[in-house]
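To start, the structure under review is shown below, and the notes come after it.
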Amino acid sequence: MKFAERLAAHITPEWNSQYIKYDEMKEFLYQYEQSAPVQDDEHLLQRYFARADEIFFQFCDKELIKINTFFAEKLAEAQRKFENLKSELKDNYHLMNRKTDRSLFKSSKLKVDQDDEEEEETKTKLLEDPGLKDSGSVRNRGPKSSVISNVLNNTGAHTITQRLIEKNRERQQKNKQFRKENDLKLAFSEFYLSLILLQNYQTLNFTGFRKILKKHDKIFKTDRGTEWHKAYVETAPFYTTKKVDTFINDVVNLFTQYLENGDRERAMKRLRVPPFEEKQSPWTTFRLGLSIGMIFVLFPLALLLLIFTYASYNELSFNWKIAIKLYRSPFFIIVHIFFIGINSYGWSRSGVNHVLIFEIDPRNHLTYQQLLELGSFLGTFWFISVILFIISAYYNLDYYIYPLSLVVFLLVFLLNPIPRFQFSSRNWILGILWKIFTAPFYPVAFAHFWLADQLTSFEFLFTDIQFFSCWFLFQAQWAPFKKFFPDSPCIPANNRNLTCTFNVISLLLMCLPSWLRFMQCLRRFKDTSHAFPHLVNALKYATTFFDVGALSLKYHFSYMYESDWESPFFYIWLIVKFIATCYKLVWDFKMDWGFFDKNAGENKFLREVIVYSSKNYYYFAIVQNFLIRFLWLVRLYDIGLKGETYKDLVTTMLGFFEVFRRFVWNFFRLENEHLNNCGQFRAVRDISISPIQMTDLNVIEKMMDQEDGLVNRQHTLNTLTKHNNNLTITKRIMSRHGNLMSMSRRFNTFSPRKSELE
């Protein structure tokens, strides 16, 4: 593999702009070689190549300064994180020892002496120097609490109560300790991954300089490249420092000693870094091909059966509306899973780090082939169910058992507790869904509102669930409550009260996805205190409530008018729907995708930086998003039509186009989030055990934003110290910020194009 290909395959996408510009430097050398004068004037050639050397080494110098600056920043960040992790590990260790001491004291009533204090000091030193060997368990109990405990143990009934309280407290502490220990393991594993990425950054850049300078010497027939490499690259801080290797060894020692009880093999398995190139299992590829092949056989078979038996269904007065409603939602869910597999493939090929964006475990997650396999596997079962349904309906058998069996199979597959069939991924999706449906009570991460946005494209799913439940509870031949409702509550055309009740429930369910996103926006506003964009985004989802409200008025008073065109409520709904659609369309383009940026430059109507290979993808996305957003206008044609089957077919068609629109939307929404991560050079998950208090963070932000912040910072820092003893840390941040600004000014002095470095 050529180095350019290796570099492209192994770089950290979020740091892309901070790597050596190997391709540009190579192109520069080739251009100067091809443009060299052909005259025999040796003096002219020497001047030409001397000028080329000067420009080339200036380019190398700028790249070296950029790499040193970025490496210094990341190294300082790693040191800060490591100190925080050691502090948290130390606190966790002391908490664990206090718990152990309580149990030891109750069983043997031992007292603490000077030897125990010495053991405690020894263990504390271990955290400060991870190379030391573990020195065993520690006991630490004060004499005052010993006296109190002895008194309580001699008080009869009070002792029983005290024991129950202590037992409950110990159980709570044990659960808390377990959660914190798992959080520490996760934080250490993510920190270890960040160190490996930084180590890889060192290696790739050093190799890049060596390769390009060797190529320079070969083309220009000189050894100045080798000399420059020895003088500058081999002495550069990003190469000479060994702190990253030291951090890696310390992390492994601490993780093994304190979080895996000295089991190094188990520790390394937990810390294992995934391969930079995502490799697919041949067995997964085989199963995917097999499932897709079965679909290619089953689809035409189902179509032929439907065509040849259609006349018989008409004779049997078969209700296609019911069949469509029972089968379309499972079909769209399966198609959406398949689409997400294609999304994952596109993200991976284009360097969009969706694993980081969704904060998935990089060591254990579904690949795009596994997602495609899952979609095609479930699709195979869907087609089998449809074929059995068609055949059973033709012979007038109990055909409604098949859609019910399909849905039960999908639910069992998702909810079964067996640690097989992508157990961790199913747990992850269930956890996200739980936090979506309890939106106001949990902080909202990207994966939460992304999945909630997917649900807004499945509004019909919730009404279909209502119909599905109603049908199999009240209407099917073997429905358990059928005898209590002689008039069908599922298709209540002849009973106005049932019609009203059914429609009200349907309209409320249509609002549910937007309501969940609305509550998420309010929660994000509460957490950040930023009215924009969170309250403005909440208003976007609130337009759905006005839309559904106007639609409900139109339905409620429809009996008063011969046609919807005569109803004033129809025009109210039309205006509200148009405004809501325009609002959502603008938000898609500007906020979700970041398009129509005034600094787009040559990427007209787009943004300054684009990831995907062709601009045509972006322009297609804009056009299709506009058309599908306004595709609801097709419904105006069926006003006054009495064919319910036709209306359900239109709803199904609109549902499919909306799923397709969401599929395209996903590409550019994650691209925009990826560019935000690139702007922050965020390459791993931020796992915070003890996050900084928002009050402290706000004080720091205000201090940094004030023009006279340097003059008044002492008073601000004193105020901050009263809240939390972070004065020393804040001064370090301020000092480091000043150093980075100085280095940035130095870097920009050598920079030929500012856009290359931003």
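Count begins at 1; order follows the chain as displayed.
From the backbone N, Cα and C atoms, a Cβ is placed for every residue, glycine too.
Where the annotation comes from TrEMBL, it is an automatic prediction and has not been curated.
Feature annotation from TrEMBL assigns coiled coil to 68-95.
The annotation compositional bias 'Basic and acidic residues' is assigned in TrEMBL to 122-132.
For 1-230, the entry in TrEMBL reads domain 'SPX'. Summarised as a single figure, the pLDDT of the domain 'SPX' (1-230) averages 73.
Taken from TrEMBL, the feature domain 'EXS' covers 497-702.
Sequence annotations record features per position, and here TrEMBL assigns region 'Disordered' to 115-149.
Long-range Cβ contacts of the transmembrane segment (288-311) within its own chain (Cβ-Cβ under 8 Å, at least 6 residues beyond either end) map to 369, 372-373, 376-377, 379-380, 383-384, 386-387, 390-391, 393-394. The transmembrane segment annotation in TrEMBL covers 288-311 (among others).
Sequence-remote contacts of a segment are chain residues at least 6 beyond its ends whose Cβ falls under 8 Å from one of its Cβ atoms, and for the transmembrane segment (331-350) they are 278, 366-372, 374-376, 378-379, 382, 410, 454, 458, 461, 611-613, 655-656, 659-660, 662-663, 666-667, 670-671. The annotation transmembrane segment is assigned in TrEMBL to 331-350 (among others).
Same-chain residues lying 6 or more positions outside the transmembrane segment (371-393) and placing a CB less than 8 Å from one of its CB atoms are 284, 287-288, 291-292, 294-295, 298-299, 301-302, 305-306, 309, 313, 316, 318, 323, 327, 330-331, 334-335, 337-342, 344-345, 399, 401-403, 405-406, 409-410, 413, 422. According to TrEMBL, the feature transmembrane segment maps to 371-393 (among others).
Taken from TrEMBL, the feature transmembrane segment applies to 399-416 (among others).
Sequence-distant contacts of the transmembrane segment (428-451) (same chain, at least 6 residues past either end, Cβ-Cβ under 8 Å): 357-360, 414-415, 516-517, 519-520, 522-524, 527, 669, 673. TrEMBL lists 428-451 (among others) with the feature transmembrane segment.
Summarising the annotation, TrEMBL assigns transmembrane segment to 457-476 (among others).
Positions annotated as transmembrane segment by TrEMBL: 497-518 (among others).
According to TrEMBL, the transmembrane segment annotation covers 538-557 (among others). Panel annotation: around the transmembrane segment (538-557), residues 456, 500, 503-504, 507, 510-511, 514-515, 517-518, 521-522, 525, 564, 567, 569-570, 572-573, 576-577, 579-580, 583-584, 587 of the same chain, lying at least six beyond its termini, place a Cβ under 8 Å from a Cβ of the stretch.
Here TrEMBL flags 569-587 (among others) as transmembrane segment.
Per TrEMBL, the feature transmembrane segment maps to 617-637 (among others). Sequence-distant contacts of the transmembrane segment (617-637) (same chain, six or more residues past either end, CB-CB distance under 8 Å): 577, 581, 584-585, 588-589, 593, 595, 603, 605-606, 610, 650, 653-654, 657-658, 660-661, 664-665, 667-668.
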